[in-house]
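A quick write-up on the structure given underneath.
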2 protein chains.
Amino acid sequence: MATEYPDRYTGPTVAEIGEHATIRAILDAAPSHRNGDDAAVLPMPNPNTRTVVTTDMLVEGRHFRLDWSRAAEIGHKAVVQNFADIEAMGARPVAVVLALSAPGHTPVDFITELARGIGERVADYSADLAGGDLTGGEHLVVSVSAIGHLGGSMPALTLDGARPGQAVVAAGRIGYSAAGLALLRRYGRDDVPAEFTELVRAHLIPATAPGRGVIARAAGASSMTDNSDGLITDLETLARRSGVGIDLAGVAIAPDELLTAAGRHLGIDPWTWVLTGGEDHTLMGTTSKDAPSGFRVIGAVHRNRPGTGPAVTVDSEPPAHSTGWDSFPRRVPSP
Amino acid sequence: MATEYPDRYTGPTVAEIGEHATIRAILDAAPSHRNGDDAAVLPMPNPNTRTVVTTDMLVEGRHFRLDWSRAAEIGHKAVVQNFADIEAMGARPVAVVLALSAPGHTPVDFITELARGIGERVADYSADLAGGDLTGGEHLVVSVSAIGHLGGSMPALTLDGARPGQAVVAAGRIGYSAAGLALLRRYGRDDVPAEFTELVRAHLIPATAPGRGVIARAAGASSMTDNSDGLITDLETLARRSGVGIDLAGVAIAPDELLTAAGRHLGIDPWTWVLTGGEDHTLMGTTSKDAPSGFRVIGAVHRNRPGTGPAVTVDSEPPAHSTGWDSFPRRVPSP
């Protein structure tokens, strides 16, 4: 299926102006003095700083749809999901590089808008779009890698640092992105009822508060991840890697008024969005201390009793919904 | 056109075992204790070290063909072209991350062999496959980003550091990769005459000597790049960015016996491979001092006289061939 670009992108195509002119247009849209050499040299870190790196690939039709997302929004989202992984280590995002595969008929203004979206979002973090690679391909594939700095000698916030007795904390919405996706599926981009705009926006441009990961590490958090594949799925990973169990407080994660209204409107149980939705990129971690600034308590860590039940419960019961995102969902034969 | 895997890959597919089991298989094939968290924490660098980052994307059918390249070779090549960009700054490669899009029918052993190829090649550089992302997609897309460390306060080896009077130096073969490609086009993988095996190998697994970039920077080189898009194209970029001209010594870059024999065999002028071939990932730079260890002199930098001729000449004449790689070659109407 060939990539179809909305009519809004009207200028010449990449094939018409060529690779080098397109790269110049990208550099104009997201200027950085670090960009344009064989590799980008990042700023000198403070002494005693380690580098943190992650990567995430967005494929058209799987991670975004061109009839739903503007190019700049795809750029924003690519940054957010990468930087959430940097912040989930307790590190400070510093730069991204962009590798882009695009068909020859891709409008150049689509690509420059994508780069502008990336440039805007990295600027929110005082970071840089530091370099990239542009190549032809039958499909639009956006691959972003992010670099962060982890200062000082305190350990990174890894998945294996949760300990029994700690509180589970989170900073940000849970379930909003999935609700927005459900609304887009029902209505498309332009016909979603105005009262639910915030949910659609949460899906297209997930909001994050830069710096929460660094704050959590400084405040003594011991483990962290982000809600990318689904609340239960991601916390199960954290619990399993830490060898602990997690019990979430239903009242702390319950769908709020907006999610409840959207659920009623669509005839969908909003708990599915909260428990399995993912893509909120909300930071979630554990701590023996007070919740770090901007975080709230959503549960508690307890000793794991292997074989006695799920690693993550809600009010001590197995969660009503638990299947998160899988890039290759297994085809289980029906009984 | 659906991706077709050679019969050699016989195990279950990614769709059959799912994303998480595939990721576990990748981690078994290329183990790293840095891999497996939200992001990878790289080793603490020496004091006064900056981070260098680059990215390169390989798309099936454009950058590799599955009837020519084994999976491990694609992995090797992805590492080499990224690390050449790190070395071209005078930096030391430290880690790569891999983002991979693959159709559901991709055999898991194809993916693990790709990861093993990456793991083997990064180990040559004492570096790590530190993390990654696996996603479904209609096409096979391999996106690698590389991180390097640039120690000390000497400047990086940028494209704008060439100065009149300097020597142009290079470390490695020039034209071998393009000759190998021409042989593959003529014969396919299995029927290339044995005398030309080395050329095919140079295309499929370009050889590089780890550490040459660091050596060149320590030895006082002032600019550097690598032969990725073509000798003339890449040196033109360097000359333009430095505001200088470059004259190459024909005798220093002339096709050797093997290239000459292959050219005669195929009826192709081997100078096209030398001047426009690219993908050798040979480091090329400039210096006011002796050629750094492992480098040889191939030309000289002179003052640029704008408007008086090409930025790069061979024995003071315009090169016989000069069109290098372009991801989106412009369609120039015939006269």
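Glycine residues also receive a Cβ, built from the backbone N, Cα and C atoms like all the rest.
Unlike curated entries, TrEMBL annotations are predicted automatically.
Annotation comment: TrEMBL describes A:Asp38, A:Asp85, A:Asp226 as Mg(2+) 3 binding site. Within 10 Å of the C-beta atom of A:Asp85 (Mg(2+) 3 binding site) sit 29 other C-beta atoms, taking all shown protein chains into account.
Residues or ranges marked as Mg(2+) 4 binding site by TrEMBL: A:Asp38, A:Thr54, A:Asp85. According to DSSP, A:Asp38 (Mg(2+) 3 binding site) is assigned to coil rather than to any helix or strand. Sequence-distant neighbours of A:Asp38 (Mg(2+) 3 binding site) (same chain, six or more apart, CB under 8 Å from its CB) are absent.
Residues or ranges marked as Mg(2+) 1 binding site by TrEMBL: A:Thr55, A:Asp56, A:Asp133. Sequence-distant neighbours of A:Asp56 (Mg(2+) 1 binding site): residues of the same chain at least 6 apart with a C-beta under 8 Å from its C-beta are A:Ala78, A:Gln81, A:Asn82, A:Asp85, A:Ser143, A:Val144, A:Ser145.
According to TrEMBL, the feature Mg(2+) 2 binding site maps to A:Asp56, A:Asp85.
The substrate binding site annotation in TrEMBL covers A:His63, A:Glu279, A:Trp325. If you take the C-beta of A:His63 (substrate binding site) and look for same-chain residues 6 or more apart in sequence within under 8 angstroms, you find A:Met57. DSSP gives A:His63 (substrate binding site) a coil state; it is part of no helix or strand.
In three-state terms derived from DSSP, A:Asp133 (Mg(2+) 1 binding site) belongs to an extended strand segment. Cβ neighbour count for A:Asp133 (Mg(2+) 1 binding site) (all protein chains, 10 Å cutoff from its Cβ): 23. What TrEMBL lists as ATP binding site is A:Gly132, A:Asp133, A:Ser228.
Secondary structure from DSSP puts A:Asp229 (Mg(2+) 5 binding site) in coil. Annotation comment: TrEMBL describes A:Asp229 as Mg(2+) 5 binding site.
Annotated domain 'PurM-like N-terminal' per TrEMBL: A:36-149, in sequence order.
Per TrEMBL, region 'Disordered' is recorded for A:303-335.
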Counting Cβ atoms within 10 Å of each candidate's own Cβ, which of the binding-site residues A:Thr54, A:Thr55, A:Ser228 comes out highest?
A:Thr54
For the domain 'PurM-like N-terminal' (A:36-149), provide the mean pLDDT of the predicted model.
96
Using the centroid of the Cβ atoms of A:His63, A:Glu279, A:Trp325 as reference, list every other same-chain residue with Cβ within 8 Å of it (recorded substrate site), in sequence order.
A:Ser228, A:Asp229, A:Gly278
Could you tell me which three-state DSSP class A:Trp325 (substrate binding site) falls into?
coil
Mind pulling out which binding-site residues among A:Asp229, A:Glu279, A:Trp325 sit under 8 Å from chain B, Cβ to Cβ?
none
Among A:Asp226, A:Glu279, which are binding-site residues, the residue with the most C-beta atoms within 10 angstroms of its C-beta:
A:Asp226
